[in-house]
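A.B. asks: Before anything else, here's the structure in question.
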Amino acid sequence: QVQLVQSGAEVRKPGASVRVSCKASGYTFIDSYVGWIRQAPGHGLEWIHWINPNSGGTNYAPRFQGRVTMTRDASFSTAYMDLRSLRSDDSAVFYCAKSDPFWSDYNFDYSSSEEGTEVTYTVSGAWTLPSVFPLTRCCKNIPSNATSVTLGCLATGYFPEPVMVTWDTGSLNGTTLPATTLTLSGHYATISLLTVSGAWAKQMFTCRVAHTPSSTVDNKTFSVCSRDFTPPTVKILQSSCDGLGHFPPTIQLCLVSGYTPGTINITWLEDGQVMDVDLSTASTESQGELASTESQLTLSQKHWLSDRTYTCQVTYQGHTFQDSTKKCADSNPRGVSAYLSRPSPFDLFIRKSPTITCLVVDLAPSKGTVNLTWSRASGKPVNHSTRKEEKQRNGTLTVTSTLPVGTRDWIEGETYQCRVTHPHLPRALMRSTTKTSGPRAAPEVYAFATPEWPGSRDKRTLACLIQNFMPEDISVQWLHNEVQLPDARHSTTQPRKTKGSGFFVFSRLEVTRAEWQEKDEFICRAVHEAASPSQTVQRAVSVNPGK
């Protein structure tokens with residue numbers, strides 16, 4: 001029997017390499033050409049190359065030229081494919097195939113493969129996560145005397161394989177029947193069926209879907225059948241502000257009303273992450289045939305003023321309902337705007353002299369005095385601040401007040417407030433700032449020189465990608481032979497959100513021909529609170545190719 005057996009599925013990072021083997025048996029290895037074909041999600045079959053096992057001659061598809069090498073070891077009846085410089089679009093199902101004996105290299109087509117095997121190779125981050133759906137019958141369609149019932153779990157739209165589907169059946173015994181199919185889009189779908197017997201009517205079941213390549217897990221808990229129900233209305237209300245300018249905790253009240261009585265679960269999220277806090281949840285109240293309940297979340301001013309989004313998430317009958325809230329942008333009288341900036345990581349961790357700045361813009365010139373007053377939420381005294389006024393070309397006035405803060409005070413989470421008053425303002429403007437809360441992640445730094453470009457022979461561009469850091473506060477410097485360059489020498493973008501939960505920035509530095517001909521070294525340095533041990537991560541790059 002003819003068999004072609006490939007090496008197992010693998011996950012590789014972008015830029016890495018992978019070696020695939022295909023061992024043949026059941027025929028004379030040197031009599032038939034061996035080749036590889038791949039199918040990426042949402043695409044058709046694509047020929048990569050073939051090899052003549054007898055002579056070692058190869059033929060490669062143009063788009064893979066230079067990135068693929070095919071070899072063979074006739075003594076082991078094995079062909080090898082080495083794929084280099086992997087990209088995200090290299091994630092695909094790869095098929096190893098053989099030709100009819102002694103076929104011409106001009107008539108290769110996919111239908112000529114007598115035997116073939118498939119295996120999936122994935123570039124890290126290029127996978128698609130499964131969507132998971134419970135499959136149940138309507139309760140009214142299940143006979144009252146039924147001794148067993150079948151329910152299912154559908155995982156669809158994922159790539160690559162595999163997923164593992166398991167069930168939590170409590171004290172009941174069950175049997176499962178998994179089935180996997182490849183959809184027209186190139187993604188996979190799996191259905192797992194569970195048949196249970198016994199006292200199943202009031203039992204809840206959990207379907208656990210684990211996507212092995214991405215190391216993600218999705219759980220769905222549901223009952224054996226679905227009933228008609230009225231879904232809840234979810235609304236968040238919050239306590240009123242203190243008009244005296246004080247900063248008491250705020251109360252977020254989540255009202256869940258108008259739903260058919262049944263089990264309900266309420267969870268609070270902060271920027272999409274489950275909050276580990278003590279909640280006050282009222283007991284369910286009946287409203288005729290419907291029910292209502294509520295959950296209360298208390299937030300400190302530090303958290304509320306951090307501009308984070310808070311979500312009340314309600315799980316009911318296998319469905320999710322939610323409402324979200326965040327601090328509204330402060331309204332400013334007469335177009336006046338006030339901004340409060342946090343200290344830069346460079347000032348905080350390198351210079352050890354952090355400052356925060358209160359900036360007031362678009363003030364109309366008048367004889368009255370603009371007062372900027374600093375305070376701390378702890379009530380402790382503040383340092384002496386410096387003040388600067390500047391008249392703009394449009395006739396408005398800009399006022400800046402800079403306050404030195406203690407490094408330890410800032411790191412430990414002190415909240416600072418700037419209060420702006422003026423005789424012509426109907427009310428004071430209040431701004432607060434504190435250390436960003438939430439998860440921490442150190443930056444990844446990649447520095448490289450761009451290729452020379454025609455017409456730019458007197459210059460060379462160095463680039464620095466800094467990514468996957470949290471929170472977003474970061475400082476970027478360039479060093480030339482270990483001497484820091486002025487900020488005016490380079491351009492750095494503002495932090496932007498990645499598709500995940502982190503941030504990234506891109507920095508660009510132009511160097512002269514004289515600098516790179518001296519074989520000088522340039523360093524891109526990122527200063528961030530999560531970097532260890534000294535809050536800095538740096539990468540060196542030489543624009544001289546011989547270095």
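Just so you know, glycine gets a Cβ as well, placed from its N, Cα and C.
Features from Swiss-Prot:
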- Cys22-Cys96: disulfide bond (DISULFID)
- Cys139-Cys225: disulfide bond (DISULFID)
- Cys153-Cys207: disulfide bond (DISULFID)
- Cys254-Cys312: disulfide bond (DISULFID)
- Cys358-Cys418: disulfide bond (DISULFID)
- Cys464-Cys524: disulfide bond (DISULFID)
- 1-120: domain 'Ig-like 1' (DOMAIN)
- 130-223: domain 'Ig-like 2' (DOMAIN)
- 232-329: domain 'Ig-like 3' (DOMAIN)
- 333-437: domain 'Ig-like 4' (DOMAIN)
- 443-542: domain 'Ig-like 5' (DOMAIN)
- Asn145: N-linked glycosylation site (CARBOHYD)
- Asn173: N-linked glycosylation site (CARBOHYD)
- Asn219: N-linked glycosylation site (CARBOHYD)
- Asn265: N-linked glycosylation site (CARBOHYD)
- Asn371: N-linked glycosylation site (CARBOHYD)
- Asn383: N-linked glycosylation site (CARBOHYD)
- Asn394: N-linked glycosylation site (CARBOHYD)
- Gln1: pyrrolidone carboxylic acid (MOD_RES)
- 1-124: region 'Variable (V) domain, involved in antigen recognition' (REGION)
- 125-547: region 'Constant (C) domain' (REGION)
A.B. asks: Quick one: give me the count of other CB atoms within 10 A of the CB of Asn265 (N-linked glycosylation site).
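C.D. replies: Taking every protein chain into account, the count is 11.
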A.B. asks: Taking the Cβ of Cys418 (disulfide bond) as the reference point, list residues of the same chain whose Cβ is under 8 angstroms away and which are at least six residues distant in sequence.
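C.D. replies: Cys418 (disulfide bond) has long-range Cβ partners Ala338, Leu340, Cys358, Leu372, Thr373, Trp374, Ser401, Leu403, Met430, Arg431, Ser432.
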A.B. asks: What is the number of residues in the domain 'Ig-like 3' (232-329) that are helix, strand and coil, as DSSP sees it?
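C.D. replies: Grouping H, G, I as helix and E, B as strand yields 4 helix, 54 strand, 40 coil.
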A.B. asks: Quick one: of Cys96, Asn219, Cys254, which recorded positions lie within 10 angstroms of Cys207 (disulfide bond), measuring between C-alpha atoms? Sequence order, please.
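C.D. replies: Of Cys96, Asn219, Cys254, within range: Asn219.
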A.B. asks: I need the CA-to-CA distance for Asn265 (N-linked glycosylation site) versus Asn383 (N-linked glycosylation site), whole Å please.
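C.D. replies: On Cα coordinates alone, these residues lie 48 Å apart.
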A.B. asks: If I take the alpha carbons of Asn219 (N-linked glycosylation site) and Cys464 (disulfide bond), what is the distance between them in whole Å?
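C.D. replies: So the Cα of Cys464 (disulfide bond) lies 39 Å away from that of Asn219 (N-linked glycosylation site).
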A.B. asks: Measuring CA to CA, name the entry from the recorded positions Gln1, Cys225, Cys254, Asn383, Asn394 that ends up nearest Asn371 (N-linked glycosylation site).
C.D. replies: Asn383
A.B. asks: Cα-Cα separation of Cys96 (disulfide bond) and Cys225 (disulfide bond), in Å?
C.D. replies: 45
A.B. asks: Any same-chain residues 6+ apart from Cys312 (disulfide bond) with CB under 8 Å of its CB? Would you list them in sequence order, or say none?
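C.D. replies: Listed in sequence order: Val234, Ile236, Gln252, Cys254, Val256, Ile266, Thr267, Trp268, Ser295, Leu297, Gln322, Asp323, Ser324.
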